[in-house]
């Protein structure tokens, strides 16, 4: 029998963290972070990491599990998230994955384990290339390679081409989980306003000092490539004013939110919930209850 899990995804600043706490309290759950930057100790403000006092006693997993100079891959996430799911389920509690790193979460859910030898950037670059192809292009390539896929659709075709391209580096296995995928969304203008406001709050909370610490500790690390930090490095180097750096940070965060939504829409079988709908939380709770009662 497959383990049932809840997955809460969506663009940055849409309200995933707050909802995950409510779901965990309502359904006796524990939360697994699905964010590639929140694994790093010391990166709290720029990653919008939930603070201990905000956790309301709910256990959280995969926060602060790496030093900023260390690497972290989708393979690491799949391995460690699977272990956390087993531990939570063994306690008769509900595993809840919450985050916005689509590559990591998709890899876990679809039962494909990304070998550590495959560079993260290579996987992302090839997936971006496939995203730009039409359905006709994808299906033509599938036919050329002689790949047989039952119930062929865009998502299955892209996944099969990734496996072929990476030379079998993705080990195919059946997913171990039955997941309900919840994707939060909001009107573009309102989401972008929330992003801009969040950046302002981060700066007030000490983002500049946190980014400078990262710049001094590990300026060329994987952690330093995250949005929220790298945009401030030119300011530290005297190549950009603070105002210009902050404007770049806000712009990059808005673009990132757009890419996140594209990923979830094209890559994962999510159900969208509009946070502007005053009844959306009630609908989420009802859908989770029905899912768990099946």
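Even glycines carry a Cβ here, placed using N, Cα and C.
Listed in Swiss-Prot for this protein:
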BINDING   10, 11, 12, 13, 14, 15, 16, 17  ATP binding site
BINDING   12, 13, 14, 15, 16, 17  substrate binding site
REGION    35-38  region 'Interaction with substrate tRNA'
SITE      101  site 'Interaction with substrate tRNA'
SITE      127  site 'Interaction with substrate tRNA'
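For the pair residue 15 (ATP binding site) and residue 101 (site 'Interaction with substrate tRNA'), the Cα-Cα distance reads 15 Å. Minimal Cβ crowding within 10 Å, among the binding-site residues 13, 14, is found at 13. Model confidence over the region 'Interaction with substrate tRNA' (35-38) is summarised by a mean pLDDT of 97. Cα to Cα, residue 12 (ATP binding site) and residue 101 (site 'Interaction with substrate tRNA') are separated by 10 Å.
On a Cα basis, residue 101 (site 'Interaction with substrate tRNA') lies 14 Å away from residue 14 (ATP binding site). Applying DSSP to the region 'Interaction with substrate tRNA' (35-38) sorts its residues as follows: 0 helix, 0 strand, 4 coil. A coil conformation is recorded for residue 101 (site 'Interaction with substrate tRNA') in the three-state DSSP classification, outside any helix or strand. The Cβ of residue 15 (ATP binding site) has 17 other Cβ atoms within 10 Å, all protein chains considered.
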